[in-house]
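A.B. asks: Take a look at this one; I'll ask things after.
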Amino acid sequence: MTAKDILFDAEARAKLKVGVDKLANAVKVTLGPAGRNVLIDKKFGAPTSTKDGVTVAKEVELEDAFENMGAQMVREVSSKTSDVAGDGTTTATVLAQAIYREGLKNVAAGARPIDLKRGIDLAVKDVVAELREISRDITGKKEIAQVGTISANNDPEIGELIAEAMDKVGKDGVITVEEAKGMDTELTVVEGMQFDRGYLSPYFVTNSEKMDADLEDPYILIYDKKISNMKELLPVLEKTAQSGRPLMIIAEDIEGEALATLVVNKLRGTLKVCAVKAPGFGDRRKAMLEDIAILTGGTVISEEKGYKLENATISYLGQAASITVDKDNTTIVDGKGQADDIKARIGEIKGQIEKSTSDYDTEKLQERLAKLSGGVAVLNIGASTEVEMKEKKARVEDALHATRAAVQEGIVAGGGVALIRAAKALDATNPENEDQKTGVDIIRRALEEPLRQIVANTGTTDGAVVVEKVKNSEGDYGFNARTEEYMNLIEAGVVDPTKVTRTALENAASVAGILLTTEAAITDIKEDGSDMPPMPGGMGGMGGMGGMM
């Protein structure tokens, strides 16, 4: 076992604080509209320029192991806030640094760390309740655009694009961010349900120019097994041919005789047909087939449910206004399913998302939800250089997360004002003793820190003066760092999602509390290279090879 180095009490906390400060100081220069960029060296390729707090935090790795522990604890604040709310990572880091700094002063003065932490937790609980109280719901496209603009570092183009995307696919719709081929940033929307399976044979194509199959007002056969025998498929084919409408077949696979017969019928013009494999795998495939059935008003023909393919009738088939199939994707537009059934299915998937503990499962469930809700929007991000494109793409992803957070829990005044307004809730907090009261006061002071830092980053105004002026005013009145004027921030579009502000404070207090109650720190002792064992012998005589030259 490797030997360990241990530091205790004040010495340990001092080392941890150095690490906390190094990381926080690198991150907090990015805060607010006047925040600066941070340049990050990459082993391969050009350096990355970013104004995203969590990206900076993830790059910080310190040489001193004890300092590094402090830095990594605060990095956790940033990462967790990003995971939950998608934005507010810099605010969370600034709050964590302030709470730890103020807490350490009081620990050094003799306060009990455990009571300080209890006071901090009490205060945070009351401030969060007040934030929820002053929060207001997002009502329209304009407010969505404002949130997107702020989170994308005051880029109105990105804010407008996100608002447009949400308008097109709904608040539950899937919006993906991709790199564009050119310099323009644009929005494309895929209407209806799309899944990544193309036609099983190019002979199904109806438009040879576009190389896709277009089916108007088709019936849809949904089967959860392979189809290789034509005999079991024949009854439903005959019934569809009599109706004169096209047929779309979605099955685990179609092969051999069955596929050949479908192709022949299509080429002869007997039946307009197209076949694709079912999307997904395993249990997810079953769920997606059920989604398609509900969307189109059909039934999944499954022997598990007691249905057999040879007994299938027209009533088992789904219907849609149109289906387009290319070599990679199938898009079902305007499925004819019952609105109540689709609504119930959406509710069921939302319930699964809430219970899900896996990020991957949550992502897949959200994709299914969007496909049922009405489409997928793709934001194609363009830029002149790869460095700019990556930076812009990261900003768009942040803005998208923040906008979703705003839709979930509403918005509060931005610019650090909401935290200062929420501090009034601390007047009613009931700490049990003097040290807990000190913990409450630590939070009261820390809540001012984001505004101080936003002002400090402008480089032109004194933070203490601005904080006092904002504290002495009411409502949404605050300092707009972009124009360096005092105004109603919500009317000016300077807003933050409540979820982002709340999560930043909760995570900052949690990690700062752990650091304050730390009494010892343990790390591996670095091994010196001089202690390495000597190279094994046995290669003697190599010196004589000089004569071979």
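A Cβ is built for glycine as well, from the same backbone N, Cα and C atoms used for every other residue.
This is the feature table in Swiss-Prot:
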BINDING   Thr30, Leu31, Gly32, Pro33, Lys51, Asp87, Gly88, Thr89, Thr90, Thr91, Gly415, Asp496  ATP binding site
A.B. asks: Are there any residues in the same chain, six or more apart in sequence, whose C-beta is under 8 angstroms from the C-beta of Lys51 (ATP binding site), and if so which?
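C.D. replies: Thr30, Gly35, Arg36, Asn37, Val38, Asn153, Glu391, Arg395 - these are the non-local Cβ neighbours of Lys51 (ATP binding site), listed in sequence order.
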A.B. asks: Taking the residues the record says bind ATP (Thr30, Leu31, Gly32, Pro33, Lys51, Asp87, Gly88, Thr89, Thr90, Thr91, Gly415, Asp496), how far apart in Å are the two Cα atoms that sit farthest from each other?
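C.D. replies: Pairwise Cα check on Thr30, Leu31, Gly32, Pro33, Lys51, Asp87, Gly88, Thr89, Thr90, Thr91, Gly415, Asp496 gives a maximum of 17 Å.
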A.B. asks: Return the residues near Gly415 (ATP binding site) by Cβ distance under 8 Å, restricted to its own chain and a separation of at least 6 in sequence.
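C.D. replies: Those within reach of Gly415 (ATP binding site), by Cβ under 8 Å and sequence separation of 6 or more, are Gly32, Leu451, Ile454, Gly478, Phe479, Asn480, Ala481, Leu489, Val494.
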A.B. asks: Tell me which of the binding-site residues Thr30, Thr90 sits in the most Cβ-dense spot, judged by other Cβ atoms within 10 Å.
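C.D. replies: The most densely surrounded of these binding-site residues is Thr90.
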A.B. asks: If you count the C-beta atoms lying within 10 Å of each candidate's C-beta, which of the binding-site residues Gly32, Gly88 ends up with the smallest number?
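C.D. replies: If we count Cβ atoms within 10 Å for the binding-site residues Gly32, Gly88, the smallest count is at Gly32.
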A.B. asks: Under a three-state reduction of DSSP output, how is Gly32 (ATP binding site) classified: helix, strand, or coil?
C.D. replies: coil
A.B. asks: Helix, strand or coil for Thr90 (ATP binding site)? Use DSSP.
C.D. replies: helix
